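Report on one structure; see the data block that follows.
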Amino acid sequence: MNGGDVSVAESDDPKAPLLPVIRYDNEPFERQSVGQHLRTIFTPKNCYVALGPLLCAVVCLCARLGGDETTTARNMLAVLVWIFAWWLTEAVPMPITSMSPLFLFPLFGIAEADDVASSYMDDVIALVLGSFILALAVEHYNIHRRLALNVTMVFCVEPLNAPLLLLGICATTAFVSMWMHNVAAAVMMMPVATGILQRLPSSSSSEIVPPVIGKFCRAVVLGVIYSAAVGGMSTLTGTGVNLILVGMWKSYFPEADPISFSQWFFFGFPLALCLFVVLWGILCVLYVTKGTGQALSPYLDKSHLKRELEMLGPMSFAEKMVLSVFGGLVVLWMTRNITDDIPGWGRIFDGRAGDGTVSVMMATLLFIIPNKIKKGEKLMDWGKCKKLPWNIVLLLGAGFAIADGVRTSGLAEVLSKGLVFLETAPYWAIAPTVCLIAASITEFTSNNATTTLLVPLLIEIAKTMGIHPLLLMVPGAIGAQFAFLLPTGTPSNVVGFTTGHIEIKDMIKTGLPLKIAGTIFLSVLMPTLGAYIFASKGGV
C-alpha cells in the first residue's frame, strides 16, 4: 500500500477488541499518514472556520474608529466581520452561525446574555412560527396542490392561450407566497409547475422538441421563482426581510407605533402587483411566441388537469378546517389596526396583542380541532412540525440581535459617516441609490444579511437628514429582495436552477429589467403612497 505493508492482528478470543488492531511495518508509510492527517486538518473548510476569528482579531488590533465608546463599536465591528465571514463561506452551518451572537456579544462586552437571548423570541418570531405551522398544515393536506390545479384550470382555456396559462401559474405562486415564506412557496409550487411541464416532450425523449416548448418551460420556471419573490414582498409573512425591517423599527423606535400587517399590505401589495405585471410581460415577450399555444395544446388540456384534480377527491373536513383557520388568521391580521379613525380589534387590548399573538393562537387551534380522519387525531401534531424551518427562525433572531448590537454599540453612527455623501442629495435621488446599493449587495449575500447590515446605517442617515427613517429603511429592505440575477442570490433561485430548465443567462435576461423596474416603482411609490401610509409612525 504505497510502499508500506500493513498487518492486521486477528484473534478468535472473545475478549479480543471488536475492531482489528492494525500494525504498520515500516516508517515511510507512517510519515505519509502524518501528511495525510495534516491535509485533513488544513482543508479549505477548516481555513474558512479560522478565517472568522482571524478577521475578528485583525479588526480588534488594527481598526481605529472615531467618536465616543470606540471600544464597544470596534468590538461590534469585529464580531460582525466574524459572523459575516462564516455566513458567506458557510464554514459553519448557517443556523449555528446565527446563534453565535449568543456567546460573542457577552464575551466582547457588547450586550448582556439576557438581552441578546430576548432578540431570538419576540412578537415577530412568534408571527413566523405560527405562520410556518399553518404552512405545514396546508402542505400536509395538499391544499396548495388543489389550489394550483383549480387556478390553472381557470386559465387553461380552449384553444390554449400560453400567456394566460403562464399568468395562472405565476399568479398562484405569488398568492401562495403572500401567506408563507417565499422560499417555502417556491419549494411547494415548483413540483406543481414541473408536473405540468413533464407532460411536454423533453430533450431526453425520442420525440423532437419544438423550440417554443423549451422556451415556455424556461418561462414557467422563471415565473415561479420570481413570482414567489414578488408575492412575498406584499405581506410581512412573505419574506424574512420584511420581518427584520419590522423588528428593527420596533427596536430602534420602541415608543413609535409598530408596523402592522395591514399597513404593510396596503403599501407592499400595490408594489408587488406592479412588479408582477412587469414580470409577466417580460416573460411573455422573451419566451412566449405566437405559436406557443398551438405547440402546447396536444399535451396540455383541461382533461389532464381535471383528472389530477379528481384524483385528489372532494375536499375533506380537515382541508376545510385548515382553510377556515387560515382565512380567520388573515382576517385578524388585516383588522388588528386599520386606521386612526377606524380602530381595529387591537384597541380592545390596549395594543398589547400583536400579529404574533393571533398567529400562535390560530396555529394552536390546529392542535385542538379533530381531523375526522382517525379517531382522536387532530389537524396537526408535533410530529408533523418536525419540518419547521428553525434555520430561518434563528437567522431572524440573529438579525435582530445584530441590529440591537449595531445600535447600542454606536457602530451604526460611525459607519453612517461613510455614506455622508447621501445627506446632501435630494430624496428623489437617495431612494433609488439606496435601493440599487441593496440590490447589488444582495446578489452576493443573503437578503436577510444585506438588510441586517444596511438598515441600521440608513436609520442614522435619515436622522442626520431630518427625514422619516422609513423613507430610507423601506427602499433598503425591499431593494435587498431584488436578488434576480444569480442562482446563489436566494434559495428560491436555487430551487428553479436545479430543475435544469434555466441557465444563468436566462436569469440575467429576465432579472435585470425586473430589477430596474422594481427600483423605479419603489422610487415613485415610497415618497407618495408610502409617505401617506406610514405618516402616522411617530417616535422619530
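The backbone N, Cα and C atoms fix where each Cβ goes, glycine too.
Per TrEMBL, the features are as follows:
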- 48-67: transmembrane segment (TRANSMEM)
- 79-104: transmembrane segment (TRANSMEM)
- 124-143: transmembrane segment (TRANSMEM)
- 155-177: transmembrane segment (TRANSMEM)
- 220-244: transmembrane segment (TRANSMEM)
- 264-288: transmembrane segment (TRANSMEM)
- 309-333: transmembrane segment (TRANSMEM)
- 390-407: transmembrane segment (TRANSMEM)
- 427-446: transmembrane segment (TRANSMEM)
- 467-486: transmembrane segment (TRANSMEM)
- 516-535: transmembrane segment (TRANSMEM)
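The transmembrane segment (390-407) makes contact with the transmembrane segment (220-244), as judged by at least three Cβ pairs under 8 Å among residues 6 or more apart in sequence. Listed stretches 79-104, 264-288, 309-333, 467-486, 516-535 were compared with the transmembrane segment (124-143); the greatest number of C-beta pairs under 8 angstroms is found for 309-333. Nonlocal intrachain contacts for the transmembrane segment (309-333), taken as residues 6+ away from its ends with a CB within less than 8 angstroms of a stretch CB, comprise 130, 134, 137-138, 141-143, 145-146, 149-150, 153, 179, 261-262, 345, 355, 358-359, 362, 365-366, 369, 371-373, 379. Contact check: the transmembrane segment (155-177) against the transmembrane segment (264-288) gives at least three Cβ pairs closer than 8 Å, residues 6 or more apart, which meets the contact criterion. In this chain, the transmembrane segment (79-104) does not touch the transmembrane segment (264-288); fewer than three CB pairs sit within less than 8 A of each other, excluding pairs fewer than 6 residues apart. Of the Cβ pairs linking the transmembrane segment (220-244) with the transmembrane segment (79-104) and spaced 6 or more residues apart, fewer than 3 are under 8 Å, so the two regions do not touch.
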